[in-house]
């Protein structure tokens, strides 16, 4: 191996020498002599000639998407975007990377997951970790104090000074609408408030300096047992065992508005100003959720912590209660599929004058949702259409390519999604089979007799029925027959 590496280095150096001589316009004889040396060295390397062997793979943590997978993604995206638009959101976009200082100190223990980029022109850059911090930077930079936006078909935020809990309730309504529309199984949205958490930590005796790190431990309760979380708090983070036990008495409780009312009567918790404010807002929130008809989908869960540092009020996370139970499907354990909360102080971190813009938002876990939908389709062996082609222009005899090209152009110009096979004289059977394989619902067949009669034979692929349609009426008839939304499943 070492000998080969040394030989490869000699080939590289000799190649540079040849290129240098050519640039210097050295004598032809000298260049020819050095080229001969280079070829001799390459011959010693063998058939690989020292070329680098590429590993054909995507980078760790990334993947390609096939046409089938993209069809599923677009269907999910369309469902999400239509809901965002129904609620009056505008769309924005921000760069995929930000100045490193923009992202630093905003994510708590998750900050270690930020990817730094190499120095580019004197600026220290990092890939954005989420879409919330870039949105806050966008608001501060553009001096915006009021906007309802969505971003890349997954994030939705409401920025502005409004009456308490109305925007928060709408965000929870949006999560419920999207998950219901996607039909990925029964779900529950857990709700808590960072002020209640901080108040709870205070009355339990957690030092101020440990609030965020203990919050991060509590956030793991959806994945591990209370005993494991307690061991982490005491053994790794230095919390007193009796303080951890006191926390455990609270964080293992969950329920509805009745739990809120119960905690309002808790003598220690209700004596804490932050906790009292949070509980009061949650009580109001449940009133609005009842009016929206989604209170039965919401659970007040004291174990919900959401480890990101920028949350200041209500926080929430949607989880699947059970996997879809349709025939032939395998169990799917995917956990959280949406989350969000209120972050009233984040924009002020970027504003030169520290002006705050209250914000609340949500993020849909699109990758997890895609995996559910994909596995369901695979389990049921459902066919997925990867194109939206309405009609294939076909011919029944030979030497009709020009007529097919004329007709397909007419259909394209009329806004019809049409295709034709790229052969001069394709067999009719092959054209029909192509339609069945790709899910194209109609075939417009041209034949010599049809040309004489001024008609096109329109065939329904599914019913295998044909009808003559006058050429001038073809567009109207195709639109009539394909007016129903195309489904991917």
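Cβ from N, Cα, C; glycine included.
Over in TrEMBL, the protein carries these features:
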{"type": "BINDING", "residues": "130, 131, 132, 157, 306, 310, 311", "note": "L-histidine binding site"}
{"type": "COILED", "residues": "370-397", "note": "coiled coil"}
{"type": "DOMAIN", "residues": "3-59", "note": "domain 'WHEP-TRS'"}
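Recorded features from TrEMBL, shown on the structure.
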residue	record	Cβ within 10 Å
130	L-histidine binding site	16
131	L-histidine binding site	22
132	L-histidine binding site	25
157	L-histidine binding site	25
306	L-histidine binding site	22
310	L-histidine binding site	23
311	L-histidine binding site	26
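Same-chain residues that are not part of 130, 131, 132, 157, 306, 310, 311 yet have a Cβ within 8 Å of the Cβ center of the L-histidine site turn out to be 133, 308, 340, 341, 343, 346, 361, 363. When the domain 'WHEP-TRS' (3-59) is classified with DSSP, helix, strand and coil residues number 39 helix, 0 strand, 18 coil.
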